[in-house]
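Here is what TrEMBL says about this protein:
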ACT_SITE  B:Cys89  active site, nucleophile
ACT_SITE  B:His197  active site
ACT_SITE  B:Glu199  active site
Amino acid sequence: MKVRVHVSLKPGVLDPQGRAIHHSLEGLGFTGVNDVRAGRLFELDVADSTSDETLDDMCRKLLANMVIENYRIEKVAA
Amino acid sequence: MAFRSAVITFPGSNCDRDMADALEKVSGTAPHRVWHGDHDLPEGLDFIALPGGFSYGDYLRCGAIASRSPVMQAVIAAAEKGVPVLGVCNGFQVLTESGLLPGALLRNSVIRFVCRDATLKVENAQSLFTSGYEAGQEIVIPVAHHDGNYFADDETLDRLEGEGRVAFRYAENVNGSARAIAGVLNAAGNVLGMMPHPERAIETTHGGTDGRALFESAIKGLVGA
C-alpha cells in the first residue's frame, strides 16, 4: 500500500524558510503570491495490513513534531 | 567523591570532545563516552551531557532521529529519576524532540547560520546549573547554529516564565527565539537545554571563561565543594 504523509507547520508557527521562498518568488517577478509555507511530503510503501492507527502512530512518534506541525495521511490508489 | 559523568555521542555529533574536555578540566575526572547505539548508561552517573553537532545529518528535523536512538531511552529514564542532563545546541534540540523539555527549535528567523559570541542574561541563578551566576548577570557565550529559534505556544511560555524555568535569555535576540529564550529548564530543574555553548568558554585561550561557572555549579551541587 502506498501512503503519502503531508507534514505542515501549524498555523501561527513562524516559517522563515517559507518566507525566504516567498521573497525569492517575488524576486523572480511572480506577483500575487500572498504567502508561502514550506512543508514535507513522505511517500511510504507499507504492508497492506497496516492499520490507520499504526499510520497515525508513525506520524505522531516520528514523522511530525506535534509541538509545531500537523500531518495529513493520504492513501494512494494502486 | 569522584564526579561520574557521561557524554553521549551520536553519528554527526561534533562538540562531544569539547564537552568531555570541559567536564574533565572542571571536575578533574574524565567523563564516560557513550555511543548512541548503547542501550545502557554506566552505573551511578551524576551528570549526562548531550553535545552539539548535526546528529544524523539533521535528517527529518534537528535532533529528531537522535531522540529516538537506543541510548536516549536510557537518558530519558535517568532524567526522570532526577539525574542532571545538560543538552547544548544539537543536545537541546534532542531534548525537545525527546519530550524532556517543552517547545521546539525552528530555523533561525534570519535564515542564516549564526556563529558569534552572544551576550546572555542569567534569568534563574537558583538552579543546579546556574547557581554559580548571579540573577541578571550578563555573560558571553559562543553560539553556532542554524536552528536555534526557540518556539513554544504562549501558554507554555507563560508557564516557563512563571515557574522560573527560563535559565538564560539573549541580550540581543540572535535567532528570533520566542521571548529571546536561550535556555530552559524542565519542571524538576534537573534538565537544562541551551543553544549557546558553555563548553567553548571555560579557559582564557577560548577567549572567555563565562561558561565555566555552569559546570562548576553543577559539579559543586552534585559532589560538594
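Keep in mind that glycine also has a Cβ here, set from the backbone N, Cα and C atoms.
Secondary structure from DSSP puts B:Cys89 (active site, nucleophile) in coil. For B:Glu199 (active site) paired with the residue listed as 'active site, nucleophile', the C-alpha to C-alpha distance reads 11 Å. Between B:His197 (active site) and B:Cys89 (active site, nucleophile), the C-alpha separation comes to 7 Å. In the three-state DSSP assignment, the secondary structure recorded for B:Glu199 (active site) is helix.
Counted within 10 Å of its Cβ, the other Cβ atoms near B:His197 (active site) come to 24, all protein chains included. With a cut-off of 8 Å between CB atoms and residues at least 6 apart in sequence, the same chain places B:Cys15, B:Pro51, B:Gly52, B:Gly53, B:Ala144, B:His145, B:Gly148, B:Met194, B:Met195, B:Pro196, B:His197 near B:Cys89 (active site, nucleophile), listed in sequence order. Neighbours of B:Glu199 (active site), defined as other CB atoms within 10 A of its CB across all chains, total 30.
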